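Asks: Sharing the record's features from TrEMBL:
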| type | residues | note |
| --- | --- | --- |
| TRANSMEM | A:20-48 | transmembrane segment |
| TRANSMEM | A:247-273 | transmembrane segment |
| DOMAIN | A:261-372 | domain 'ABC3 transporter permease C-terminal' |
| TRANSMEM | A:311-333 | transmembrane segment |
| TRANSMEM | A:345-369 | transmembrane segment |
């Protein structure tokens, strides 16, 4: 069979270009949006995803990491009693008010994470080298995200104030950006100091634990059910707690619905532009299609040509999406814009792009109704 | 005088009527018209614009169904056939040449001709081979790999003719095939249509008001106001004229 769809597409590429670009840039918008969602809402769980702990024990019903409440120190004992748990460490969450040294800096809400600074510490293990952990052991030492130095009104090695206590910025790293406030890392001792010894909720917010084998995580979680003698607590796997935190920010805050709405708009606009471009192409060739129909080519065969063209448009649009999104996301990541991508989301975006092209092709098939051979007779 | 023995008609219209709605007015284009067309002949339907000649061609070729009456092609009743069945009938038996050349800009002459053969189940190799052969028959062997933009009007019409002929149709319909062509190209196309009828035994039904075609037609149906006013054979008129002259 003569490859009519392909030959027409390559010979008349200028006429197909608007459809290809419409599909391509719809794909770019979807992909970048998805990457921003993953990046921004992923940062709601940066505490979990950048740590090597397998289990998290916190106050029952905690919706997101930043809503943690103080739990009893006895929970540590309960965790250590489990035969599969090999290590336990406390994690202290302190909300503070930051004042920098720069003249124009005002007060900034910060979330101080008090962590174990030991060499084998689980919290933020993927972000902190043992050298940086060691530096946190210095009294009042803190580490912040490098992209937030300006917002905090401070430079590296300078002093600042949290809740009226003087702290010293010993390092600025990447990947610490969070949602709702600026993340500050400190040792457990520094965090306790910032929390104020006499504050009502003194004590750890979470206990994180390491399990002997990854395959035993669920079993260990199942065993660690609430026990009144250890005070109120609930145990989640790291994956569950990260997902729980992201879901809260995505849906309970309404942000996710807004994102889904935007994705719907992107698909709609892309679909309308693409289908109109394809329909114009079909209408422009209506007389040629009508001759083929007069010669006996069925409406179904002609529809297949239109669908094949829309598949080509989808494929080429996907190429535009892939190249442009890769460049844009690389630039964004280099400038500390919170973006992230994984294979599942990339595949979903690709499927949406191809689906969009296919639906546009189905709509454009209406243009074939003009290909009535009787209209060729004058 | 010995009666002329004719084969069975390949196309028949039996009291067909067709009307169209033009705004608020219903226009009766054909009214209870009957005609039989025979194989091996180039039959020309001529007449002024709007007389119903193209409508008659569309009914006889199965492109449209009559409001009343029956049409038969190759002994098969067309009026009652479903759309898909009509498409299958056209695929197997008919070729069309239209006034506009309607060639795909992206395809070469060979590909234009080979394309419909694909729908008949020809392999690419066989379709291209047949296309080259037919293009040679219409004198286009030197333009096989050119696209429509590089062809003259006459050459494009010959490619369109080759496209219609490639599947060796028993029925060939042509609507004003020479009107966009100059004198020489018009004569060439008319000669080809006649040759196809005589050499291949096909039924060639042509609608035109181009007088150049009359000379090559075996039979002329003159239409006016939706009726056939005159049915005559140029060869008989020429013999009568010759007899008169002698």
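The backbone N, Cα and C atoms fix where each Cβ goes, and this holds for glycine too.
Where in this structure would I find these features, and how exposed are they?
Replies: When Cβ-Cβ distances below 8 Å are used as the criterion, the transmembrane segment (A:247-273) is approached by residues 18-19, 22-23, 25-27, 29-30, 33-34, 37, 41, 44, 63-64, 179, 352, 356, 359-360, 363 of the same chain, each at least six residues removed from its ends.
Residues 19, 23, 26-27, 30-31, 34-35, 38, 267, 270-271, 274-275, 278-283, 286, 289, 299, 302-303, 306-307, 309-311, 313-315, 317-318, 321 of the same chain lie 6 or more positions beyond the ends of the transmembrane segment (A:345-369) yet place their CB under 8 Å from a CB of it.
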Asks: Treating G and I as helix alongside H, and B as strand alongside E, what does DSSP give for the domain 'ABC3 transporter permease C-terminal' (A:261-372) in helix, strand and coil?
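Replies: Each residue of the domain 'ABC3 transporter permease C-terminal' (A:261-372) counted once, the result is 97 helix, 0 strand, 15 coil.
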